[in-house]
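Novice: One structure is given below, represented as structure tokens, and several questions about it will come after.
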Amino acid sequence: MDIAIQHPWFKRALGPFYPSRLFDQFFGEGLFEYDLLPFLSSTISPYYRQSLFRTVLDSGISEVRSDRDKFVIFLDVKHFSPEDLTVKVLEDFVEIHGKHNERQDDHGYISREFHRRYRLPSNVDQSALSCSLSADGMLTFSGPKVPSGVDAGHSERAIPVSREEKPSSAPSS
């Protein structure tokens, strides 16, 4: 019986096409040269591998924190203004949608859109939810938690996004 053995170089060369990259949370960052030519970057050396850590840091990922007394979502939306963002609470979910129409930048024209949906814990007081956008583009959605047994109130409503003039105090991953 013959067994085909695949050299690790082939896996690295096809890396950008594997499903593990499907869930990257890119919000339309500019393309780098190696994004356009993924095969050339992996053929430099069989031991060369692009740093995934840098990719994660630059990807606009979100962070969700649920402490004893509050629930907080941090989301990097540096390419969007408060007018481009919509934050809604629908029953036990918060939906964050961002969209800006086509506009010109240094490399041509670009439009961006994203949609995020997070489940709210059942003990979050939905009447006291707040959302703000810091000067450095960090969206902070937060709400206090109520003690067990107290009705947290579940209804559909829009949460206004307020602009802060200072940079975010969110931790950098």
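Numbers here mean position along the shown chain, with the first residue as 1.
The backbone N, Cα and C atoms fix where each Cβ goes, and this holds for glycine too.
According to Swiss-Prot, the feature N-acetylmethionine maps to MET1. Per Swiss-Prot, the feature region 'Required for complex formation with BFSP1 and BFSP2' maps to 1-63; the stated evidence is similarity to another entry. Feature annotation from Swiss-Prot assigns deamidated glutamine to GLN6, GLN50; the stated evidence is similarity to another entry. Annotation source Swiss-Prot lists phosphoserine at SER45, SER122. Per Swiss-Prot, N6-acetyllysine is recorded for LYS70, LYS99, and the stated evidence type is similarity to another entry. Feature annotation from Swiss-Prot assigns deamidated asparagine to ASN101, ASN123. Taken from Swiss-Prot, the feature Zn(2+) 2 binding site applies to HIS107. If you look up Swiss-Prot, you'll see 153-167 marked as compositional bias 'Basic and acidic residues'. As annotated by Swiss-Prot, Zn(2+) 3 binding site applies to HIS154. According to Swiss-Prot, the feature O-linked glycosylation site maps to SER162.
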Novice: Going by DSSP assignments with H, G and I as helix and E and B as strand, what are the residue counts for the compositional bias 'Basic and acidic residues' (153-167)?
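Specialist: Summed by class, the stretch gives 0 helix, 6 strand, 9 coil.
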Novice: Determine the minimum-neighbour residue: among ASN101, ASN123, listed as modified residues, which Cβ has the fewest other Cβ atoms within 10 angstroms?
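Specialist: Fewest other Cβ atoms within 10 Å, among the modified residues ASN101, ASN123, is found for ASN101.
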Novice: Measure from the Cα of LYS70 (N6-acetyllysine) to the Cα of every one of the recorded positions LYS99, ASN101, ASN123, SER162, then give the nearest.
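Specialist: Answer for the nearest of the recorded positions: ASN123.
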Novice: Using DSSP and three states only, what is ASN101 (deamidated asparagine)?
Specialist: strand
Novice: Would you mind giving the whole-number mean pLDDT across the region 'Required for complex formation with BFSP1 and BFSP2' (1-63)?
Specialist: 51
Novice: For LYS99 (N6-acetyllysine), what residues in its own chain, 6 or more apart in sequence, show a Cβ-Cβ distance under 8 Å?
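Specialist: Expected: ASP84, SER111, ARG112, GLU113, PHE114.
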Novice: Pop the Cα-Cα gap between HIS107 (Zn(2+) 2 binding site) and ASN101 (deamidated asparagine) into the table, whole Å please.
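Specialist: A Cα-Cα distance of 16 Å.
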Novice: Quick one: Cα separation, ASN123 (deamidated asparagine) versus HIS107 (Zn(2+) 2 binding site), in Å?
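Specialist: Distance (Cα to Cα, whole Å): 46 Å.
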Novice: Which entry in the list of recorded positions, LYS70, HIS107, has its Cβ near the fewest other Cβ atoms, using 10 Å as the limit?
Specialist: HIS107
Novice: For SER122 (phosphoserine), list the number of other Cβ atoms lying within 10 Å of its Cβ atom.
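Specialist: Neighbour count, Cβ to Cβ under the 10 Å cut-off: 11.
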Novice: According to DSSP, does LYS70 (N6-acetyllysine) sit in a helix, a strand, or coil?
Specialist: strand
